[in-house]
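Annotated features in Swiss-Prot:
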| type | residues | note |
| --- | --- | --- |
| REGION | 1-74 | region 'Domain I, interacts with DnaA modulators' |
| REGION | 74-173 | region 'Domain II' |
| REGION | 125-168 | region 'Disordered' |
| REGION | 174-390 | region 'Domain III, AAA+ region' |
| BINDING | GLY218, GLY220, LYS221, THR222 | ATP binding site |
| REGION | 391-510 | region 'Domain IV, binds dsDNA' |
Amino acid sequence: MHTDLWERGCERLAAELPEQQFNTWIRPLPPADVTLAGDGVLVGLRVPNRFKLDWIRAQYGSRIEATLSELAGKPVRLELSLLPRDAVARAQGMAAAPAAQAGAAPQPTQSPMAIGAALHAAATARHDPQSVVPTPGGSANGRAAPRVGEPGGPVGTSTLPVAPTLSPAVSRGRLNPALTFDTLVPGRANQMARTAALHVVGAPGHMYNPLFIYGGVGLGKTHLIHAVGNALIRDNPDARVLYLHAEQFISDVVRNYQRKTFDELKAKYHSLDLLLIDDVQFFAGKDRTQEEFFNAFEALLAKRAHIIMTSDTYPKGLVDIDERLTSRFDAGLTVAIEPPELEMRVAILMKKSDAEGSRMPEDVAFFVAKNVRANVRELEGALRKVLAYSRFSHKEISINLAREALKDLLSIQNRQVSVENIQKTVADFYKIKIADMYSKKRPASIARPRQIAMYLAKEMTQKSLPEIGELFGGRDHTTVLHAVRKIGGERQKNTELNQQLHVLEQTLKG
């Protein structure tokens, strides 16, 4: 029989997969139902929510089947299904019970191991008096458990303010329901940030906490953190999720400072399960705001709530922000969102035009994508111009129509960005001579800026590789291609280089 097939499979997967991946996605799963099915084996797994089901199927399904087939010596088919909602709730209660019985404060999220151990029992529990599981804030007999500081309750500091529950309706009110993972176009530019965000949804409070996402304006940072909030609320409607811009937090601090009501501020922010905050660079120079955010930050991490922040620069690049904050920002995972590459820009245009009910032909999408390189926001603006021009003129969408609709934008871009301008800007930035861009000198202090200038020339102009090579002292197109690939690859890994390129791009765009 293959009764221990899943257990042996887990041991194999634990040895082969990165520890964080295994602990997040595989280890929490309840014991599998293993049955013989003809010449093969059927392995049934029950998963607590739709997001995890889709992710496990897409990322690990084939690998799980292959591993189990090898161990079983016959074909294995993996069948994933959703656990009933009440079973998930009972599992979370069972995972929390030992801590509650020991007098510990219940955590907002349980460890993957604890929840996984409880899922199977919860799914098969019978509705009898012996199987009722105490829930946080309640007891097995259905009566509410006394709170700290109440008569008959546990000994505690009754003078501390009790944090009011943040209404999920209020939390959802600040989230844009249209900004989801389904409407986010994936690509190389946002791959790391998107993957990290998906891991947060799968195991909030456990991985990449805090998650710090940085990048230029209009690249999709806000979309991504809204997607996390929407996914978490979809899977757990009672989750206390709050999205806000940094300026809103500043306003809250000022208002509560004027009213001397800082307990209200703490009650609002310290009771969350997920805090999503945009543009933390706005905290610069605001000492009281930084102090209150530090307090909220520490309180949330202590209760294993998750924090996701965005900024226009990486933590160490933030100016006039206390080092104890920036060091904590950098303590989890810091990822960049880059300007979208050509193929991603085309995919964005096609998807957005479909959503508008007007399919953009692929050749037109490539034309627009080649000419609008800055960010997703400008790309969407260009799309709206083309679609509006098509409707108003009653003409089919074509390259000529797009060229006419975007003539002002194209003339500005052509006037602003040239290879010569790029060479001058890069030379000034790295303090070398413009003549070094054309020379045959190869010291790293010159060759590196020259490669960066070639990369920017390919990314920001319409010039071909041979044309760019000619403008860099008659170099071969393969030299340019090597520079483009080298700098493009390093940009994904080197935070300092990415920041330098971001500054250069913004300077060139004016």
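Keep in mind that glycine also has a Cβ here, set from the backbone N, Cα and C atoms.
Around the Cβ of GLY220 (ATP binding site), 25 further Cβ atoms fall within 10 Å across all displayed protein chains. Residue environment of GLY218 (ATP binding site) contains 16 other Cβ atoms, counted within 10 Å of its Cβ in all protein chains. Note: the ATP site is recorded as GLY218, GLY220, LYS221, THR222; in the same chain, GLY215, VAL217, LEU219, HIS223, LEU224, THR310, ILE337, ASN375, VAL376, ARG377 also have Cβ atoms within 8 Å of that site's Cβ centroid. Of all the Cβ atoms in the protein chains shown, 25 others lie within 10 Å of the Cβ of LYS221 (ATP binding site). Note on the region 'Domain I, interacts with DnaA modulators' (1-74): DSSP counts are 43 helix, 13 strand, 18 coil. In the predicted model, the region 'Domain II' (74-173) shows an average pLDDT of 46. DSSP assigns LYS221 (ATP binding site) to a helix in the three-state reduction.
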